[in-house]
Every structure is written in structure tokens, then in C-alpha cells.
Amino acid sequence: MTFSTLLVFSLVMLAGIATPGPTVLLALSNASHFGLRRASFGMAGALAADLLLVTLVALGLGAVLAASETLFVALKWLGAAWLAYVGWRLLRASGQAAGPDPERVAPARRALFLRSFFIAMSNPKYYLFMTALLPQFVDRGQPVAAQYFALGLTVGALDVVVMTAYALIGIRSVALFRERGVRWMNRISGGMLLLLAGSVALYRRGTH
């Protein structure tokens, strides 16, 4: 894999990751409620999920999904249900606090990690995107494992940068708009997660 190939991959992935999706919306929401340090545990969950997905792609996930319509449909509906649940929880959030507050009881670190992990693993459209994209940047004439390792590191680095940027936006917005900012962060994040849940539920692989 050449440097130019890795650069092109980075630009394509950056465009995909920077587009508001479930994990960046959750990073924004967690940071606006609990601060950047606590939100970082959720970011770690999303990062772990993406690295796992890169590993699964390297091991042949694309072939498994292509061979099993039942598995794809099951993943699709489980993913849609989980996205809808988290979106509904955000819409129900009261937004009473005026931003990150150390006195507020925050979810356990493990809970934040697992919620983001399962959010990241709940979108079968992302599975198909990754299984279609990653192999195009792998040169079969060179050691494949090392190339997937480089792609995984790139995805991880981009994840951290983009999620941190969204988290800082959430913190800044709440600092500017106080209680109203928290409420609107919940509404925007929750509403977009519900839209994403609907998109996943209606997705048909044949239209990909």
C-alpha cells in the first residue's frame, strides 16, 4: 500500500465519519451533559467497534453477509430498534442542567462504553460500506494483514479526531445557550437517531 493510496482512503473515510452519524451524535450528547472526560469512554466504545469491524472485514465479513440474507435482515432490525431506543431516550431527557456538571450523576463508564459500542455496531449500512470500501485499498500482492492494520489505525485516528470535535461543539453550544442548549442538543441528536433508525429499517440491500 502506497502513501497516496492511504491518503485517498483517509479522505474518503473522513467524509464518511464527519457526516453526522450515530456515534458522533452520541459523543456530542454525552459531552454536552457530562463533559469531555466522561464522554471519552463512549468514544472509546465507538473506536473499539470500528476496529472490530475492520478486523471482521479482513476476516471475510463481506462474504458472510452476502451469503446470508437472514443474518443481514436480523442485523438490520436489531440495529434499527437499538438506534430508535437511544434516540427516544435522548428526546425524553429533561435538559434541566446548564451543561457539564460534576455534581450530576453520570452513567457508569462501562455503560457509556457499551452504549456507544452497540450504537456503532448497529448499522448494517455501515457494514456494507466498509466491506465494499476497504478491500479496494488492499493490494493483494503485498502482505494483507499489515495493510488492514494500517487501514484500522487510520479509521481509529479519524474516529478520535471527529468525535472529539463534535464533543467540543456540544460543550461549547451548551456553554453559550445553557439549559436551552442542552434541550436542543437532546432534540437534535435524538431526532437524527430516530431518522437513522428509520433509514436502517427501510434499507434494502439490492438498492445499495
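Cβ atoms here come from the backbone N, Cα and C positions, even for glycine.
Tertiary proximity for the transmembrane segment (6-28) is limited to same-chain residues at least six positions away from its ends with a CB under 8 Å from its CB atoms, namely 39, 42-43, 46, 49, 83, 86, 115-116, 119-120, 122-123, 126, 129, 133, 137, 150-151, 154-155, 158-159, 162-164, 166-167, 169-170, 185, 188-189, 192-193, 196. Among the features that TrEMBL reports, transmembrane segment is placed at 6-28 (among others).
Distant neighbours of the transmembrane segment (40-65): 23, 26-27, 30, 71-72, 109-110, 112-121, 124, 126-128, 130-132, 134-135, 144-145, 148, 151-152, 155-156, 159-160, 163-164, 167; these residues of the same chain sit at least 6 beyond its ends, with a Cβ under 8 Å from one of its Cβ atoms. Taken from TrEMBL, the feature transmembrane segment covers 40-65 (among others).
A Cβ distance under 8 Å defines the sequence-distant neighbours of the transmembrane segment (112-129), meaning residues of its chain 6+ beyond its ends; these are 16, 21-23, 26-27, 30, 38-39, 41-46, 48-50, 52-53, 61, 65, 72, 75-76, 78-80, 82-83, 86, 106, 196, 199-200, 203, 205, 208. For 112-129 (among others), the entry in TrEMBL reads transmembrane segment.
Sequence annotations record features per position, and here TrEMBL assigns transmembrane segment to 149-172 (among others).
Sequence annotations record features per position, and here TrEMBL assigns transmembrane segment to 184-203 (among others).
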